[in-house]
Amino acid sequence: MSAVTLSLSIPMQSARQADISKRVMEADPILKENEISVDYKTDNTMLTVDFAASSDRILRTVVNSTIESLKSVIECFDEFDE
Amino acid sequence: MTRGGYIALGLEGSANKLGVGIIRHPEGSPVAHHTGAEILANIRDTYITPPGEGFLPRDTARHHRNWIVRLIRRSLEQAGLASIDDIDVICFTKGPGMGAPLQSVVVIARTLSLMYNKPLVGVNHCIGHIEMGREITGAINPVVLYVSGGNTQVIAYSKQKYRIFGETLDIAIGNCLDRFARILKIPNNPSPGYNIELLARKGLTKPENFIQLPYTVKGMDISLSGILEHIENLAKNNDGGKYAPQDFCFSLQECLFAMLVEITERAVAHVNSNQVLIVGGVGCNLRLQEMMKIMVSDRDGSIHATDERFCIDNGIMIAHAGLLSYRMGDHVKDLREAVCSQRFRTDSVWIDWRDD
């Protein structure tokens, strides 16, 4: 399955933000489990996302949608974190 | 908390409208038919495509992501709330609807819930329309006609469920109108249905220009795709410009709405109710309301409809239905339950806030 892999490391402003992003993102079920795996980890303020997919086309799709959602999460932090 | 009662934030984005609403329920029984709800904010931003084009899921989701945080900020200001901390529960549309737009909204709901440690409630979009319609119009136990871009259902309440008496067998009524509008390049601003309504209001150019369409009622259900195909073909090969746009719009509305009135009347007779509540985006159409009124007044009943603030998709209805459910003790226990589903039937929701 893991023909292609990619790892993203995203520094957050706090360990709490990293933890919230992980929990928000993990809630979504992975639709094609035999073709994609997405794994979230946090280390202090760093959020790491490990992707593995059966083809580069699928990898690109899942990385794109993950980044789009993460952008929303971060915008929420920027606007509403007090 | 400076005010008593409960405050809910509602986030809606199942189609091309992004809605954010804040509602307050005073203390009292949630089982009462009318909660005395107070609307603190109700803001909407619609993704409008050029004439001739429909809205695609990916572009619609991008629109929602662009605007949602700003709309939430504005709704807090409008409601006079200093922070999300003043809200008791965050409600989001769980479904039915388009996947990508729903997803763009649920991510925000989850994030705010974790940031402020607030409970989440997933709301069925159709139930949102019904409960908001009941709250606003004062209808107690109506037969509900739910007509929008994605749904066409005749619904009546029985034993803790809103049961579907009849529905479309293929496309939704609003989808039929929207797709027809694209053929004639009728603008999508503010909505294709509204522009069709305005054209139809001009009436036929001459009486013989009324177009007979294949009226299709099958028992309690209706079918619309044949009508759409028929009128699309006529509009594309409009021989010598025989028909004006208003002829098409008038004939289409008359045929479609007559079908809706017929199946609604059958449900009204069946459940022995004499109230009809019209909800959903197509429900703002005054011609539909007028035709329904003729039927209902023949039966000594009453018709209940709302204006565009509540008929067209909005956040306040999600806040209202979600708050009813929350006050009965329902909310998301595990974040993995806070996911959307494109299909989510009206009759699969247990209505524990009604005691009749």
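A Cβ is built for glycine as well, from the same backbone N, Cα and C atoms used for every other residue.
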The divalent metal cation site in TrEMBL lists B:H125, B:H129, B:D313. Which one of B:Y146, B:Y157, B:Y326 belongs there according to the record?
B:Y146
Further binder of substrate named by TrEMBL next to B:Y146, B:V147, B:S148, B:G149, B:G150, B:D178, B:G193, B:E197, taken from the candidates B:N66, B:N274, B:N285:
B:N285
If you count Cβ atoms within 10 Å of the Cβ of B:D313 (divalent metal cation binding site), leaving out that atom itself, what do you get?
27
Could you state, as a whole number of Å, the largest distance between Cα atoms of any two of B:Y146, B:V147, B:S148, B:G149, B:G150, B:D178, B:G193, B:E197, B:N285, the listed substrate binders?
18
Whole-number answer please: how many Å between the C-alpha atoms of B:G193 (substrate binding site) and B:H129 (divalent metal cation binding site)?
18
Taking the Cα atoms as reference points, how far is B:S148 (substrate binding site) from B:D313 (divalent metal cation binding site) in Å?
9
